[in-house]
Amino acid sequence: MKKNIQLILAAACFSTLFVACNHASSTKNGSDKDSTAAQAPQIPDSANFKATVQGKQVDLYTLKNKNGVTVAITNFGGRLVSLLVPNKDGKLTDVILGHDSLSGYQIKAETYFGAIIGRYGNRIGKGKFNLDGKSYQLDLNDKINTLHGGFNGFYKQVFDAKKVGDQQLELTYVSKDGEGGYPGMLTSKITYTLTDDNALKIEYSATTDKATIVNLTNHAYFNLNGAGTPTITNDSLKIDADNITPVDTTLIPTGKFEKVKGTPFDFTSFKTIGADIDKTDDQLKAGKGYDHNFVLNKHDISQSIATVKSPETGIVMDIYTTEPGLQFYSGNFLTGLSDGKGKATYAHRSALCLETQHFPDSPNEPSFPSTVLKPGETYHTTTIYKFSVK
Ligand code: BGC
């Protein structure tokens, strides 16, 4: 069967454009069950990811479930490169933004496409914090603040990778004592598991040899209409959060909690992302759109805390997490980057990030849930992105 399909594909390749040929060949390792696979978007060629970086082997790993859902992950930054899920017609759609090669990720590292973020997700005010009577200074990579771990956060590090069967990838990274200014040697393990009910489960764990702070997340940019399509503002979003942590003009939380009711931040029932995004509002002005931490009403892994729905593809994404917060970032700083997968251009607000996390700047806000990790303790959080159609 597989051989026949390969022959047919080869014949088709000769009679069609090179682009189409390239496309078809990328599916040769895919499902041989039906013709849907032949029309599926391609995952990048793994050869474009093979290199030695920081003395370690970088590669592209593929997970696939029984429904053909496919996830491509590189161990450079632990990044999700592609995520192919079925749309309402059963056709696979790539719902995350990324690049076709490792060099794309190295050149544009600071968009954080698909990356594991560590040691600390989001901002720490002025890059400073005190712990057990000592003060620490982190990299200032976001004007006067630290963002996403600093200049050499996990998004730029090479993880050790171990594939477990067809549907799981374990990534480990040991961050040295003092790396980026953070105390303690932090040993972190991130496990990506693709389940047969079309969910991508991400488990994060970490241990340290000195008291430190930690807040790990993933920075996937989702577009459920398909990566490279122009906007996410027509998608509907629901977030089970009655409050946000409002920010100052440098996007550092003020330490207060603000009720969403009656504001553009009310996503307690489905609303299109674009409905209020351009309203006059100090918080929207600070973020140039949504770029805020939502305080989740519940964070019990058995209940969805946020849902996005695409009216075009019918794809629905539900998020489950053990984390207390969710950073909703509406892709406000995407600027029409033109080296996306398949030469796509990623326009302003053509993707959204929903980063599960502890709150930004928690080390400086005693009223926020603690992000301190001590020797002998194990940090462990879980987040699930589950896909279905409506
Ligand atoms: C932050 C944004 C930032 C983006 C970087 C988000 O998590 O909240 O402010 O611009 O990451 O791509």
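All positions are counted from 1 along the displayed chain.
Glycine residues also receive a Cβ, built from the backbone N, Cα and C atoms like all the rest.
Keep in mind that this is a model prediction, so the values were computed, not measured.
Residues or ranges marked as signal peptide by TrEMBL: 1-24.
Annotated beta-D-galactose binding site per TrEMBL: Asn122, Arg123, His219, Ala220, Tyr221, Asp291, in sequence order. Around Arg123 (beta-D-galactose binding site), the C-beta neighbours below 8 angstroms that are at least 6 residues distant in the chain are Asp142, Asn145, Thr146, Leu147, Thr250, Leu251, Ile252, Pro360, Asp361. In the three-state DSSP scheme, Arg123 (beta-D-galactose binding site) falls into the strand class.
Neighbour density for His219 (beta-D-galactose binding site): within 10 A of its CB lie 23 other CB atoms from the protein chains shown. TrEMBL lists His219 with the feature active site, proton donor.
According to TrEMBL, the feature active site, proton acceptor maps to Glu355. Annotation for Glu355 (active site, proton acceptor): same-chain Cβ neighbours under 8 Å, separated by at least 6 residues, are Ile117, Gly121, Asn122, Thr217, Asn218, His219, Leu326, Gln327, Tyr329.
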Study note, to complete from the structure: Restricting the binding-site residues Arg123, Tyr221, Asp291 to those with Cβ under 6 angstroms from ligand 1 leaves Asp291
Point to revise | Neighbour tally for Ala220 (beta-D-galactose binding site), based on other Cβ positions within 10 Å of its Cβ | key: 25
Check your understanding: In the structure shown, with every protein chain counted, which of the binding-site residues Asn122, Asp291 has the densest set of Cβ atoms within 10 angstroms of its Cβ?
Key -> Asn122
Exercise for review: Using DSSP reduced to three states, classify Tyr221 (beta-D-galactose binding site) as helix, strand or coil.
Suggested key: coil
